[in-house]
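Structure record follows, encoded as structure tokens.
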Amino acid sequence: MSAHHTLYVQSTGGDYEVHIGRQLLAEVGKRVQAVCKDVTSALLVVDESLLAFSYADTVEASLKAGGMPTVRTVVARGEASKSLATADTLYTRCVEAGLDRKSVVLALGGGVVGDLAGFVAATYMRGVRFVQIPTTLLAHDASIGGKVAINLPQGKNLVGAFHPPCIVLYDVETLRTLPARERSSGLAEAIKHGVIWSESFFSWLEEHMDSLVDGDLDATEEMLFTSCAIKAEIVSKDETEQGVRAFLNFGHTVAHAIEALAYGQFAHGEAVAIGMMTECLISVSLGRCDETVLHRLRTLLKAAHLPQHIPPSFDVDALIAAMRRDKKATRQQLAFVLPTRIGNVELYPDVEETRVATALRARRLTQ
Ligand SMILES: NC(=O)c1ccc[n+]([C@@H]2O[C@H](COP(=O)([O-])OP(=O)(O)OC[C@H]3O[C@@H](n4cnc5c(N)ncnc54)[C@H](O)[C@@H]3O)[C@@H](O)[C@H]2O)c1
Ligand SMILES: O=C(O)C(=O)C[C@@H](O)[C@H](O)[C@H](O)COP(=O)(O)O
Ligand SMILES: [Zn+2]
């Protein structure tokens with residue numbers, strides 16, 4: 001077996017391991033057989049972009065080498081695939097492939113394929129087992145914690161479930177082929193983990209951002225281990241978002257509104273970067289954090305080559321209407337996770353609309 005790091009996640013559906021390292025794709029078959037007892041067959045859901053490389057062939061060969069009947073299905077790249085229509089085509093593939101209740105669905109790709117395939121796994125025959133094989137930097141966040149979902153035209157992730165994987169197998173060598181823009185997008189979720197949970201991790205990111213942006217694999221692996229450890233710790237404490245898990249939504253009230261108004265215009269991490277800046281501004285305006293937090297965040301996002309501004313084409317009223325449909329909202333109040341300092345955030349369930357509008361306009365005007 002290859003040398004790598006292992007993290008452990010507690011889940012009511014069964015604790016699971018997160019493996020982070022190299023040459024893990026060739027081990028998928030035996031590692032899945034080890035945790036998915038009596039598995040009968042597999043559906044391997046693959047992001048279209050990966051067909052340019054040998055990743056899916058390696059995973060499929062390793063599953064078949066263990067004697068597991070495996071059917072591969074390819075999903076078009078991009079956020080539009082996180083839809084009920086694509087889920088429908090996957091249900092058909094499940095039936096055609098003869099998947100039964102002892103089968104397993106594997107997601108090979110980024111957060112889009114992970115969320116979509118996980119949603120299908122959560123609902124086909126009322127739930128079959130699920131394995132995450134993330135291939136983007138951002139998917140370090142998406143593959144841990146069991147949130148699976150599809151989007152509606154009205155909002156991100158509005159239909160979904162908590163369906164934890166049996167195992168996460170994160171082969172960092174797949175990141176060598178990730179475009180620079182997607183690398184930066186993934187760094188946004190790591191920066192988020194620093195802001196909400198760990199000042200020392202945020203400082204580490206400040207020191208190493210240039211190497212991370214350049215795609216240095218050693219630095220990336222170290223960063224992923226810490227960022228995944230933070231995510232694993234939080235979801236182990238609060239799997240279904242009754243409390244502390246909501247902190248992982250820092251930046252997302254604004255991000256999800258931006259994404260819903262123009263699916264695909266921004267990568268998820270880009271929208272989160274804009275969202276973190278806007279929400280930090282709201283926090284400053286409430287007197288909950290000082291300008292130094294905003295300054296450090298702005299500087300780090302810039303070093304990560306991430307956007308920070310809302311294009312003028314986005315209407316403030318439409319953004320606020322979308323935020324009222326956010327899953328953190330009760331009675332359509334505007335709910336935000338706001339930083340008090342680097343390493344600490346609090347949930348604000350009801351921020352007044354004028355304050356939110358002012359912050360949104362400030363982020364637009366500084367174009
Ligand atoms: N479930 C969760 O907890 C959670 C957490 C964060 C984000 N998400 C969701 O994840 C999605 C975003 O995920 P993402 O940023 O990974 O986007 P993505 O899945 O769309 O992947 C980004 C791009 O990279 C390509 N790609 C993937 N792996 C590659 C590789 N190794 N080499 C070359 N190209 C590759 C894809 O084809 C795509 O074009 C959003 O829908 C977001 O809502 C979910
Ligand atoms: O795991 C979580 O919890 C998160 O909030 C992680 C986020 O990065 C992710 O984008 C998640 O999908 C957002 O959750 P949602 O419940 O607001 O859809
Ligand atoms: Zn996110």
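The backbone N, Cα and C atoms fix where each Cβ goes, glycine too.
TrEMBL has this to say about the protein:
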BINDING   GLY111, VAL112, VAL113, GLY114, ASP115, THR135, THR136, LYS147, LYS156, THR174, LEU175, ARG176, THR177  NAD(+) binding site
BINDING   GLU189, HIS252, HIS268  Zn(2+) binding site
DOMAIN    74-183  domain '3-dehydroquinate synthase N-terminal'
DOMAIN    186-329  domain '3-dehydroquinate synthase C-terminal'
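Candidate binding-site residues: GLU189, HIS252, HIS268. Nearest to ASP115 (NAD(+) binding site) by Cα distance: HIS268. Under a cutoff of 8 A between CB atoms, and with a sequence separation of 6+ in the same chain, the neighbours of THR136 (NAD(+) binding site) are GLY109, GLY110, GLY111, LEU175, LEU178, GLU182, SER185, GLY186. Checked against ligand 2, the binding-site residues GLY111, VAL113, ASP115, THR136, LEU175, THR177 give no residue with a Cβ under 6 Å from it. For HIS252 (Zn(2+) binding site), the nearest neighbour among the binding-site residues VAL113, LYS156, THR177, judged by Cα separation, is LYS156. Residue density at LYS156 (NAD(+) binding site): 26 other Cβ atoms are found within 10 A of its Cβ, drawing on all protein chains shown.
The binding-site residues shown are VAL113, LYS156, THR177; of these, the one with its CA atom nearest the CA of HIS268 (Zn(2+) binding site) is LYS156.
VAL113 (NAD(+) binding site) sits 17 Å from GLU189 (Zn(2+) binding site), taking the Cα positions as reference. Taken in sequence order, the binding-site residues GLY111, THR177, HIS252 that lie near ligand 1, meaning a CB under 6 Å from one of its atoms, are GLY111, THR177. Residues GLY111, VAL112, VAL113, GLY114, ASP115, THR135, THR136, LYS147, LYS156, THR174, LEU175, ARG176, THR177 are listed as the NAD(+) binders, and the farthest two of them sit 29 Å apart at their Cα atoms. For the pair formed by THR177 (NAD(+) binding site) and GLU189 (Zn(2+) binding site), distance between Cα atoms is given as 19 Å, rounded to the nearest Å. Secondary structure at THR136 (NAD(+) binding site), as computed by DSSP, is coil. Non-local contacts of GLU189 (Zn(2+) binding site) by the CB criterion (under 8 A, 6+ apart in sequence, same chain) comprise LEU138, HIS140, ASP141, SER227, GLY269, VAL272. Restricting the average to the domain '3-dehydroquinate synthase N-terminal' (74-183) gives a pLDDT of 98.
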